[in-house]
Ligand SMILES: [Fe+2]
Ligand SMILES: [Fe+2]
């Protein structure tokens with residue numbers, strides 16, 4: 001059996017890939033300013049400065065759009081925790097260190113723009129939003145949170161390991177891309193849509209960086225990397241887990257197509273696994289082959305769960321539509 005590469009060896013082996021991908025990123029990324037996406041002329045003072053405090057009537061966002069906006073923004077707010085995971089696992093030198101700083105700065109822009117938009121337009125309750133941010137950031141995020149029962153096995157001293165960290169952020173960046181894109185549509189406001197499409201484009205570029213690093217990992221250490229990928233895929237939880245109202249908001253978002261199991265499987269997991277050619281490649285050893293079977297079985301079960309979820313959702317939405325139609329008939 002081939003020896004597993006250490007964290008240091010992986011960083012050295014993958015450094016040229018990190019460098020090439022930093023350069024690719026800088027060429028593809030477009031600079032933008034958060035303030036250009038906020039309708040400042042809609043803003044006014046709150047009571048502390050002689051104005052009027054928030055009232056739910058002021059929001060033009062539906063319940064679904066509010067839940068999605070809050071969830072996506074709190075996810076962005078937790079950047080210091082993600083920074084810690086990435087910085088702990090990457091080196092602070094060379095292209096690795098540059099990427100950590102650059103990526104962190106880009107992510108911070110997302111939270112700035114979304115909060116400014118929400119506070120100026122009074123899209124959500126700013127007091128509740130601030131309280132949720134305090135709770136969510138105080139809880140923080142650690143890889144154990146997404147590891148479920150296998151936390152002890154998956155992390156050593158809170159460190160996810162380079163391969164698990166890049167596998168996790170690959171899927172997470174793509175998941176946030178899907179979620180931002182659909183939230184933009186759900187807001188029913190061209191300004192919010194433009195802002196969230198802009199953020200989603202950033203997330204896609206971030207995903208490409210991590211996906212390419214992880215893919216190169218699979219080329220140099222196929223069994224070891226597939227193990228890390230499988231650990232992440234089979235334990236994946238959106239980073240919102242643990243945030244206030246996550247269950248209620250998560251259900252609303254899944255029910256209304258912001259982020260659901262079908263999207264998770266078809267738009268997040270499968271495109272990345274296909275890009276790495278996980279099910280086509282022939283360079284796995286006996287351990288890797290076993291891991292691949294485990295991953296395939298998990299995906300088959302997820303497909304069955306997804307079909308069940310879709311049937312349940314369709315029934316529930318049909319019931320709601322019927323109820324609404326009856327109420328409207330009664331009222332007319
Ligand atoms: Fe982001
Ligand atoms: Fe991102």
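Here the Cβ of each residue, glycine as well, is placed from N, Cα and C on the backbone.
TrEMBL annotations: computationally assigned, not manually curated.
Now, the feature entries from TrEMBL:
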- 76, 107, 110, 203: Fe cation 1 binding site (BINDING)
- 107, 173, 203, 206: Fe cation 2 binding site (BINDING)
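Among the binding-site residues 76, 107, 110, 173, 206, residues whose Cβ is positioned under 6 Å from ligand 1 are identified as 76, 107, 110. Each of 75, 79, 106, 108, 109, 111, 176, 180, 199, 202, 206 belongs to the same chain as 76, 107, 110, 203, is absent from that list, and has a C-beta within 8 angstroms of the C-beta centroid marking the Fe cation 1 site. Of the chain residues outside the Fe cation 2 site list 107, 173, 203, 206, 103, 106, 110, 169, 172, 176, 177, 202, 204, 205, 207 have their Cβ within 8 Å of the site's Cβ mean position. All protein chains considered, the CB of residue 203 (Fe cation 1 binding site) has 22 other CB atoms within 10 Å. Screening the binding-site residues 76, 110, 203 for a C-beta under 6 A from any atom of ligand 2 leaves 203. Ranking the binding-site residues 76, 107, 110 by the distance of their Cα atoms from the Cα of residue 206 (Fe cation 2 binding site) places 107 first. Cα spacing between residue 110 (Fe cation 1 binding site) and residue 173 (Fe cation 2 binding site): 13 Å, rounded to the nearest whole number. The separation of residue 107 (Fe cation 1 binding site) from residue 173 (Fe cation 2 binding site), Cα to Cα, is 11 Å.
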